[in-house]
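According to TrEMBL, the feature active site, tele-hemiaminal-histidine intermediate maps to His225. Per TrEMBL, the feature substrate binding site maps to Gly56, Ser57, Gly58, His59, Lys107, Asp112. The feature domain 'DhaK' is assigned by TrEMBL to 11-349. The domain 'DhaL' annotation in TrEMBL covers 386-583.
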Amino acid sequence: MAPSTKQWNYGDEDIVLSNLIGLTRTNPLLRCILDERVCYNAESSEDKVMLLAGGGSGHEPLHAGFVGNGLLDVAVAGSTFASPSTKQILAGIRAKESKAGTVVIVKNYTGDVLHFGLAVERAKAEGYSNIELILVGDDVSVGKTKNGLVGRRGLAGTALVHKVLGAKAAQGSHLKEVASVGRKVVKNLVTIGASLDHCLIPGRDIDDTIDLLGKDEIEIGMGIHNEAGVRRISPIPTINELISLLLTYLLSPDDEDRHYVSFDSSKDDVVLLVNNLGGTSNLEMYTICKTILDHLSSSYKIKPVRVYCGHFTTSLNGDGFSITLLNATQAGGDEVLELLDLPTDAPAWNSHFTSWDPKRKDEEIFVKATPFHYDNAKSNKKVNPDSYIRILKSGMKAVLEVESELTHYDTITGDGDCGETLASGANAILKAIADKSLETEDIVQSLVQITDIVESNMGGTSGGLYSIFISSLAHSLRHSNDDGSMQEALKQALNSLFKYTRARIGDRTIIDTLQPFIDTFYDTNGDFAKAKHAARIGAESTKNMKAKFGRASYVDEKELRREGGLPDPGALGLYAIIEGFYDGYSSK
């Protein structure tokens, strides 16, 4: 049956933060940096490789539930379905420093890759030289042709990566050894899921959930953020028919578009993980698990040597399940199985809870992150404060005026939060101007502050892109000569951004607006009007483009052609900011 449309009323409570507080109070091992939504294992030794993982909330028990001895050391939680900021991730890295190095594990989603990638690069710049980043992509529903440059999405196989690496690190293995095992496991994982309907996001009205499934319809391969899957089926098949179909997607060598991992039943040890997406009853889960085991044996002669069933990577109240298979033999053989078997006290892996010790005080477990002082970012690059404020306010007000338009376009082509995300950042910057907390004379120090504001108030991919670009612009201006400094700094900032995204002109992203603006501004020696015109043409050109990045890349092309062609909301939002900047600049 379809999931309930009713929700608990949490009022104004921050449900993500409250979840971390509740988890910390029921797990004696945990300490929590409330301001940064970071949980870590207080008992972790600085002599072992430290494991950090994180991502958007809504997938619990991933990631904080897997913090414990023999598993993760640190978990970083973003807002619901949105990557944590670079600032949060850096706080996690600093929370448990290790002499042996750090492995950062991240699911392959654009926003996560950007934020965690930037955090790793910034950590290296701070002196954390021994650090490795592992991307987890195990989805097979979106084939090789469609996922293109994006790669496979990270799903429930992430939990197996955490467990294997956690045990490997606990043995005292070297950083390169831990990272190597992790990449072998990722390479040999496949996952696919099935859902009765979209999940419901707490606090969001059911009417805001777009394209709900029909009463007698299911979706194969729906993503853990309500992204489109590979196909919808009606009427709903029997569980036997459904399992047979799902295993075909996972195991058939004839489907070249989805054949990522080979399984030889005569010699390969296979691990099975059956994951509850959040809303499937335990009674049904073990029935589903039994059916999967039956089909693996009868149709493929596969008898898994390890079976795990339960909540590992959920999608809030998602009414569905996913199947993950790991070729343990190809991933490392007996060592992988031994690592899976090693004990851990992380509650999510053992599915048990530890009672709270009433003698412990909050101040012992809820600690503060090391603060950053903006004075450290001072430079000799000065601007006229009145002009700077006028231009900045004009740009922020301009994007607020198009918020509803951006939300409309993104509701069709993405997850509907583009307008809200940009508005959140704009309002936070306007507030900083109003309360005079924003530096307005030292351009470098001001941009560093704005980067922090953006990271704290803008989630998702756009927040990561803006943060990287603004941070890089500040760095470039600090080290630039006065003559032509802005043109050169913008160019360098764009090149820095390109290190963290493969998006280029023609890919239907924010780059279609940003690069024409910067290239023209550079080529014309700072002609703002011509650069703004180039940005407008770039933004409008996205109406006729095929999406290659982000969640829009999973949307049917027919949807993108609605209303005479839909522009990319991110590209359009950036143009609104540029146009606002120009209006503020021209009114001097």
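Glycine is no exception: its Cβ is also placed from the backbone N, Cα and C atoms.
Per-residue pLDDT, averaged across the domain 'DhaL' (386-583), gives 89. Other Cβ atoms within 10 Å of the Cβ of Asp112 (substrate binding site), summed over all protein chains shown, number 25. Reported as a whole number, the C-alpha separation between Lys107 (substrate binding site) and His225 (active site, tele-hemiaminal-histidine intermediate) equals 13 Å.
Ser57 (substrate binding site) sits 10 Å from the residue listed as 'active site, tele-hemiaminal-histidine intermediate', taking the C-alpha atoms as the reference points.
Once the Cα atoms of Gly56, Ser57, Gly58, His59, Lys107, Asp112, the listed binders of substrate, are compared pairwise, the greatest separation found is 14 Å. Comparing Asp112 (substrate binding site) with the residue listed as 'active site, tele-hemiaminal-histidine intermediate', their Cα atoms are 13 Å apart once rounded. Cα to Cα, His225 (active site, tele-hemiaminal-histidine intermediate) and Gly58 (substrate binding site) are separated by 9 Å. Sitting within 8 Å of the Cβ centre of Gly56, Ser57, Gly58, His59, Lys107, Asp112, and not among those site residues for substrate, are the Cβ atoms of Gly54, Gly55, Leu62, His63, Gly78, Phe81, Ala82, Ser83, Tyr109, Ile224, His225. Minimal Cβ crowding within 10 Å, among the recorded positions His59, Lys107, His225, is found at His225.
For Gly58 (substrate binding site), the same-chain residues that are 6 or more apart in sequence and have a Cβ closer than 8 Å to its Cβ are Thr80, Phe81, Cys199, Ile201, Ile224, His225, Thr314, Ser315, Leu316.
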